[in-house]
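Worksheet: one structure, shown below.
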Amino acid sequence: MIIRSPESEVKIVVERDPIKTSFEKWANPGHFSKTLSKTDPETTTWIWNLHADAHDFDSHTEDLEEISRKVFSAHFGQLAIIFTWLSGMYFHGARFSNYEAWLADPTHIKPSAQVVWPIVGQEILNGDVGGGFRGIQITSGFFPIWRASGITSELQLYCTAIGALIFAALMLFAGWFHYHKAAPKLAWFQQVESMLNHHLAGLLGLGSLSWAGHQIHVSLPINQLLDAGVDPKEIPLPHEFILNRDLLNQLYPSFAQGLLPFFTLNWSEYSEILTFRGGLNPVTGGLWLTDTAHHHLAIAVLFLIAGHMYKTNWGIGHSLKEILEAHKGPFTGEGHKGLYEILTNSWHAQLALNLAMLGSLTIIVAHHMYSMPPYPYLAIDYSTQLSLFTHHMWIGGFIIVGAAAHAAIFLVRDYDSTTSYNNLLDRVLRHRDAIISHLNWVCIFLGFHSFGLYIHNDTMSALGRPQDMFSDTAIQLQPIFAQWLQNTHVTAPSFTAPAATASTSLTWGGGDIITVGNKVALLPIPLGTADFLVHHIHAFTIHVTVLILLKGVLFARSSRLIPDKANLGFRFPCDGPGRGGTCQVSAWDHVFLGLFWMYNAISVVIFHFSWKMQSDVWGNISKQGVVTHITGGNFAQSSITINGWLRDFLWAQASQVIQSYGSALSAYGLFFLGAHFVWAFSLMFLFSGRGYWQELIESIVWAHNKLKVAPAIQPRALSIVQGRAVGVAHYLLGGIVTTWAFFLARIIAVE
């Protein structure tokens, strides 16, 4: 018998009126920082430090409780911003869009929710999107989401927009209330079991359940009527379906039985509403809404159970600390011992894990949005499909770099080696040389071999020797594992889900083509030598990004070059004067360099996606059933050389953005030009030293003094770290906007 000490009960503890609400502080810039508030802004460096440290709560105080409250309060501010943004989207849909026209004819009318005012000729940007409506074509995917939600009028969008604003105000109030009036104590933030239970059961469980309920009671009947061609104005309003059961009974007879089949385990009665079909609805080209309702109900059940698994005031359930400390293998020393203390005392450590998972999940979302398009008519809106993929890939890349940044900050600021003796984290840190040198070898191998295959092909192509190239028609390098995986997904459902009519995604294969309004929604995606080559470029760029970021994390505290690196902090330019060759070694500099390789990696991914889809998936179908792809299937033969990527993708597809002037797409031409300028501007910060600018500034200040117009705040050149931060920000912004303009001008013109 195991006798255990009685565990302390979880108490909800808050501190009343901890900090007075004061607007006077706002009039005192830098009030949050000891160093900034003591000095007046004598130089421009003070202003830069103000911006750098405003949200670095660690630099304001060392009190973890106060830091936790600030983070918690800031989360409500973030939610207020999100609700305000959503409100704006819905308001645009209500006030400036052709949503009702699109709803009536989604295959011929393009979505638009922005109309440019005629001031000095800008109305040229309002293109003809069909149905006599002139506006800017939007590519955010809101129209398909609204249709899937069961929104049938612009009045409903208005109401939702107002509701979102009310929620934004509530969030702002909550942020103020939980910092100034009733601030949680540190123990509340550290009670992980309660937090897991509430987040799993509340946010994910009840959130999924309420969405499943909405889908069943509102979305399904409205979408069924829309699919049948009923005029949206004739369809009952959402609340009528909820209040009047007879309306649902007419569409789904099993509804009349209520919850009886549920409690008698006769669940098959619900097979009209909750299905397991697989594939896509041939009318809309989206997932079957009955499948997605079933999915959300199942997810809700899982998370509601998960939200009751952790031990709080009742003596049953899991203890996170016990789970972690029991997690030991024969070769892993103390295993996960000490990680509980790390994750309950370092929010950077917890944030690093959350960002790594969220970033990966965001990239998974990007890949599912096109392969399993969840909303009606999304699959035939090629510009939206391209935008959603590109957006989620960029966001995922940034979030993963953020994970490495906060992992390094944790090691520099929060890591205590005495509590992590011989656990997995300690063992990883002690094996860092082996990890990084092996990863470096992998990067060299992948780089030379992946790029080498292209160089070989370019050379053979230039010499007129196509028979010696790696291609589907010469020396084949077929992606046999990927093809096996595709085939497995096509054949498996007949054994694992006999009731399903199709596999999870049409992209796996099987021969089915879904077309909507003479446009291809989705078809099996063939993989060949060209995909094998570019996938190894993906492997290379991802591994180099990981190498840079992981090296920054594992060497954040110390290295052979700088054994006391932890004392220098997260970001520093060099190890002081007199030690040459110690610049650009801070953890921050690794994040800086990692961002460039993340940009490389994601760029190749979105280029690959854009060309592959235009070549092998997207296109029109004739009455005879012949599919004509946008670029005529040229990916397999053109993308196997560097020259092919430059000539047949970048140059050939840039013609639309370059020739956009004088058309409704001209804004993209201007963005393309301007973003190139922003990108080039970044090089000025990245390729020149601080001293150059300081000399120039002093010369300019001399001229101002001569004219007696010298400023009171003395101008200073940016520090090395500030210059690099400004440089990478403009590099990424310029590059991403250039790509965005290039993609959208192209795809809107040809789809």
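Placement of Cβ uses the backbone N, Cα and C atoms for every residue, glycine included.
These numbers come from a predicted model, not from an experiment.
These features come from Swiss-Prot:
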type	residues	note
TRANSMEM	71-94	transmembrane segment
TRANSMEM	157-180	transmembrane segment
TRANSMEM	196-220	transmembrane segment
TRANSMEM	292-310	transmembrane segment
TRANSMEM	347-370	transmembrane segment
TRANSMEM	386-412	transmembrane segment
TRANSMEM	434-456	transmembrane segment
TRANSMEM	532-550	transmembrane segment
BINDING	C574, C583	[4Fe-4S] cluster binding site
TRANSMEM	590-611	transmembrane segment
TRANSMEM	665-687	transmembrane segment
BINDING	H676	chlorophyll a' binding site
BINDING	M684, Y692	chlorophyll a binding site
BINDING	W693	phylloquinone binding site
TRANSMEM	725-745	transmembrane segment
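Note: the stretches the transmembrane segment (386-412) and the transmembrane segment (665-687) are not in contact (fewer than 3 CB pairs below 8 A, sequence gap of 6 or more).
Here the CA atom of M684 (chlorophyll a binding site) lies 21 Å from the CA atom of C574 ([4Fe-4S] cluster binding site). M684 (chlorophyll a binding site) falls within a helix when secondary structure is assigned with DSSP.
Sequence-distant contacts of C583 ([4Fe-4S] cluster binding site), defined as residues of its own chain at least six apart whose C-beta falls under 8 angstroms from its C-beta, comprise P573, C574, I720. Within the same chain, residues 428, 469-470, 477, 533, 536-537, 539-540, 543-544, 546-547, 550-551, 554-555, 640-642 sit at least 6 positions outside the transmembrane segment (434-456) and bring their C-beta atoms closer than 8 Å to a C-beta of that stretch.
Most buried of the binding-site residues Y692, W693, judged by other Cβ atoms within 10 Å, is W693. Away from its own ends, the transmembrane segment (725-745) comes close to residues 139, 383, 386-387, 390, 394, 592, 595-596, 599, 603, 606, 610, 653-654, 656-657, 660, 665, 668-669, 671-672, 674-686, 718 of its chain (Cβ-Cβ under 8 Å, at least six residues beyond either end). Counting in whole angstrom, Y692 (chlorophyll a binding site) lies 24 from H676 (chlorophyll a' binding site) by their C-alpha atoms.
Under DSSP, H676 (chlorophyll a' binding site) is assigned to a helix (H, G or I) in the three-state scheme. Rounded to a whole number, the C-alpha distance linking H676 (chlorophyll a' binding site) with M684 (chlorophyll a binding site) is 13 angstrom. The two recorded residues, W693 (phylloquinone binding site) and M684 (chlorophyll a binding site), show a Cα separation of 11 Å.
In this structure, W693 (phylloquinone binding site) is part of a helix by DSSP. Each of the binding-site residues C574, M684 was assessed for Cβ neighbours inside 10 Å, and the highest tally belongs to C574. Within 10 Å of the C-beta of H676 (chlorophyll a' binding site) we count 15 further C-beta atoms, all protein chains included.
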